[in-house]
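K.L.:
Questions regarding the structure given below will be posed in turn.
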Amino acid sequence: MKPSVILYKALPDDLLQRLQEHFTVHQVANLSPQTVEQNAAIFAEAEGLLGSNENVDAALLEKMPKLRATSTISVGYDNFDVDALTARKILLMHTPTVLTETVADTLMALVLSTARRVVEVAERVKAGEWTASIGPDWYGTDVHHKTLGIVGMGRIGMALAQRAHFGFNMPILYNARRHHKEAEERFNARYCDLDTLLQESDFVCLILPLTDETYHLFGAEQFGKMKSSAIFINAGRGPVVDENALIAALQKGEIHAAGLDVFEQEPLSVDSPLLSMANVVAVPHIGSATHETRYGMAACAVDNLIDALQGKVEKNCVNPHVAD
């Protein structure tokens, strides 16, 4: 008899078929308490869980005594109670490598669109304001040869540094938990403390996961140390930034502009002051949102779950010691 797994996000037909070759698959709309209660017997028997954008906490795990592995269609896993999973010897699988290049593209797009005011001036054209040759009030700022500060030099940070160094001749500063020899050798990146990065960078790109240590890492103090001409980019996790402090910094002119793919609360409230600021490019968490990459992430998540439930945990596992 095939192991039972619960799928809480739709998959392309071919990936669903691959999953069904190995497991009895039960599809549910979400992991809300109501859904769990209505499908109590299914949850009680499930050995695997696959999906994204839902919280997996101790309360849910209590309803799933046979769960052995959960696979998320994402690189981030701050919506999972890792301690609770580990205590129950449940493997947590994620998709850390599939989306690297695509998210780096998104970061570079935010750098360019904020600096050159692409969204703002495009809207002015659509509004019929382009009635003569443009003047300085339409101008943006250069990206090439400007200093890029990267906070978090992981896979995505490296991919961004590659684009900035080779494509735009940008000097690169970075701050991370440790020195990154490859970044320094390939891109001439310079390691520095966070204060130095903030003070010297023309663009500050935040690429950090959400943890207890990174929550509200960026607040009024950090924005106050940035150049008034600096542009802030966040495509990591929204709560790493104190959004009220960011709004205040933009309103006071402490920083020049912001390009944001993530927010403290998502979806972003329609009455957020960020949406009324011409110098803010706000997009709906599109970091990995291309057809190709989202398919690749789903395929990776399916393979991860198959491997985990077959005892083949060699990569993409958040808590691999559980398998020991």
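Indices start at 1 and increase along the chain as displayed.
Yeah, the Cβs are placed from backbone N, Cα and C, and that goes for glycine too.
The following feature annotations were taken from Swiss-Prot:
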type	residues	note
ACT_SITE	Arg237	active site
ACT_SITE	Glu266	active site
ACT_SITE	His285	active site, proton donor
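Buried or exposed, and what's around them? Tell me for each listed feature.
P.N.:
Its own atom aside, the Cβ of Arg237 (active site) has 21 Cβ atoms within 10 angstroms in the protein chains shown. In three-state terms derived from DSSP, Arg237 (active site) belongs to neither a helical nor a strand segment and is classed as coil.
Same-chain residues at least 6 positions away in sequence with a Cβ under 8 Å from that of Glu266 (active site) are, in sequence order, Gly238, Pro284, His285. In the three-state DSSP reading, Glu266 (active site) counts as coil.
Over all protein chains present, the Cβ of His285 (active site, proton donor) has 18 other Cβ atoms lying within 10 Å.
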